[in-house]
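Engineer: So TrEMBL has the following annotated:
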type	residues	note
DOMAIN	B:65-258	domain 'ABC transmembrane type-1'
TRANSMEM	B:12-34	transmembrane segment
TRANSMEM	B:65-89	transmembrane segment
TRANSMEM	B:101-120	transmembrane segment
TRANSMEM	B:132-153	transmembrane segment
TRANSMEM	B:193-219	transmembrane segment
TRANSMEM	B:239-258	transmembrane segment
Amino acid sequence: MDPGLDGDQGLSTAAASPPGTPRRAGLRRGLAAGLHRHAGARLALLLSAPLAWLGVAYLGALAALLVTAFWSTDSFTGELVRTFTWANFQDVLTVDVYRTVALRSLGVAVAVTLIDVVIAFPMAFAMAKLASPRAQRWLVIAVLTPLWASYLVKAYAWRVMLSSDGLLGWGYGLPATIATLAYLWLPYMILPIYAGLERLPNSLLDAAGDLGARGPRTFRTVVWPLTFPAVVAGSVFTFSLSLGDYIAVKIVGGRSQLIGNVVYDNIGAAGNLPFAAAVAAIPVLIMLVYLAAVRRTGALDNL
Amino acid sequence: MNLSRPARLALRLALVLGLGVIYVPLGVVLLNSFNSDRTFAWPPAGFTTRWWGAAWNSAGVRDALWTSVQAGLGATAIALVLGTMAAFAVQRYRFFGRDTVSLLIVLPIALPGIVTGIALNNAFRTILEPFGVGLGLFTVIVGHATFCVVTVHNNVLARLRRMGAGAEEASADLGADTFTTFRLVTFPMMRSALLAGGLLAFALSFDEIIVTTFTAGAGVRTLPIWIFENLFRPNQAPVVNVVAAALIVLSVVPIYLAQRLSGTASTH
């Protein structure tokens with residue numbers, strides 16, 4: 001490989017550094033030697049910036065938001081009242097409107113995920129196991145391309161199609177939202193399943209056939225268990241993306257509301273950050289439980 | 001494979017239908033951008049290129065596009081640095097909490113966007129406002145970089161796994177120090193992975209609306225925000241539709257680049 005050859009040349013120029021810069025070269029050398037000897041220092045340096053950004057700043061922001069969820073706002077001045085209270089969570093769990101919205105969001109996320117699995121699995125299977133290698137390459141591109149098309153553009157496309165004088169003409173509402181979300185996240189389901197099926201050796205399918213299993217049984221006992229982590233990996237996307245969405249609902253949902261809308265409205269119009277934070281904790285809790293549950297399947301390595 | 005003929009046919013049909021479902025809505029948008037009827041009733045009433053001209057001359061669209069490009073470039077630059085560092089740490093070292101680092105990097109895209117959005121909004125307002133820094137392009141870039149790190153990280157991680165440490169050890173044996181080895185051996189080997197990860201990061205940032213809504217100040221309008229603001233205004237509908245159509249056409253560019261990249265990667 002070329003770079004290896006170049007390496008030697010780079011070395012000789014480094015060794016014959018111009019006499020004017022001995023200190024800088026020495027410093028660099030010392031640093032390099034120190035880094036070479038101390039793996040711990042190398043690791044600390046590598047981790048410093050990412051951890052400062054994601055571990056301190058981002059997690060810090062999330063933690064601060066969580067703390068805010070236990071505060072309240074003064075109903076007259078709208079100022080934050082920094083005293084501990086469970087009131088926001090109590091409201092979320094006991095007020096009917098919010099319970100309904102939370103359950104509806106969960107239902108939408110589950111429906112979207114199931115629809116995507118049902119549509120994506122046969123597509124991915126046909127791509128991975130029936131198409132020629134050349135066709136496979138093109139099919140992957142065909143599935144990938146819409147991912148690069150803007151989220152809004154796709155939601156907008158469905159708004160145009162679903163409008164009462166559009167191509168489909170279903171009108172807006174919850175079914176329209178589910179259809180649009182399922183459409184938006186479909187490639188996120190196809191690609192992991194396709195990758196999972198591609199890793200599944202054809203010889204296993206042949207072996208199942210040789211041992212007398214027909215299609216459905218091969219699917220149930222061989223294909224599905226081995227590609228399950230891939231399906232779960234896809235579902236992490238479809239589930240999480242659906243739970244937090246409030247844009248598509250606004251575009252095609254008519255007057256229906258999901259968790260995201262409640263959070264958004266409480267920040268914007270009502271200016272009630274503590275309550276918004278408490279509502280936003282619902283999808284986070286659901287996702288954390290979900291992620292913890294699926295970590296065992298090894299699905300997260302497929303992301 | 002022991003699949004019956006009807007089963008094969010059904011699977012192929014599912015694939016074709018699925019691709020149809022994926023592409024028909026995009027085709028409708030493309031077609032409607034030439035639709036002379038303002039309300040986009042189906043089927044199209046007549047052909048016109050008037051809307052394309054109107055969109056091209058729209059100052060709002062141009063400003064928003066420029067803002068989006070700046071935000072995307074800024075976020076990608078940060079993501080490239082942070083993602084590469086994290087990937088090296090996770091792939092080359094064994095340490096306590098390694099799985100947690102991986103989880104931490106996935107977290108910003110695994111959590112619903114609105115949560116990241118309001119958390120950052122809250123943090124920016126509490127921390128930056130006392131210093132006189134309001135929400136603006138800078139905060140958008142910070143917000144985008146947070147969820148873009150994962151794309152670079154994953155690409156570099158996959159590359160590091162594949163290339164192993166052999167070439168670097170050889171370089172060290174030949175006397176190159178840590179920096180020289182990185183510059184002449186490691187970096188060239190992972191260049192295409194960086195490009196692919198950076199491309200994904202840019203696309204992710206370019207398309208993002210939820211975190212953007214909460215991290216952009218009143219004056220900052222990225223392209224998605226512009227589209228969303230104008231989506232419900234009937235008199236802007238034709239221009240919005242043209243912008244949508246243009247974005248669909250443009251989405252082919254990164255795909256083409258990504259294919260070229262993976263092509264060069266496989267020849268090495």
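Heads up, the Cβ atoms here are built off N, Cα and C, so glycines get one too.
Describe the structural context of each listed feature in the structure shown, including burial, neighbouring residues and relevant distances.
Structural biologist: Within the chain carrying the transmembrane segment (B:12-34), a Cβ under 8 angstroms from the stretch's Cβ atoms is held by residues 40, 42, 44, 47-49, 51-52, 238, 241-242, 244-246, 248-249, all 6 or more beyond its ends.
Same-chain residues lying 6+ beyond the ends of the transmembrane segment (B:65-89) with a Cβ under 8 Å from its Cβ atoms: 95, 101, 105, 137, 140-142, 144-145, 148-157, 160, 190, 194, 197-198, 201-202, 205-206, 212, 220-224.
Residues 68-69, 71-73, 75-76, 79-80, 83-84, 113-114, 116-118, 120-121, 124, 134-137, 139-140, 142-144, 146-149, 151-156, 158-159, 225, 228, 254, 257-258, 261-262, 265 of the same chain lie 6 or more positions beyond the ends of the transmembrane segment (B:193-219) yet place their CB under 8 Å from a CB of it.
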Engineer: Same-chain Cβ contacts of the transmembrane segment (B:101-120) under 8 Å, 6 or more residues past its ends?
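Structural biologist: For the transmembrane segment (B:101-120), the list is 83, 86, 89-90, 139, 142-143, 146-147, 149-150, 153, 208, 210-211, 213-215.
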Engineer: What same-chain residues lie close to the transmembrane segment (B:132-153): Cβ under 8 Å, and 6 or more beyond its ends?
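Structural biologist: Distant contacts of the transmembrane segment (B:132-153): 67, 70-72, 74-76, 78-80, 82-84, 86-87, 90, 105-106, 108-109, 113, 116-117, 120-121, 124-125, 194, 197-198, 200-201, 204-205, 208, 211-212, 214-220, 222.
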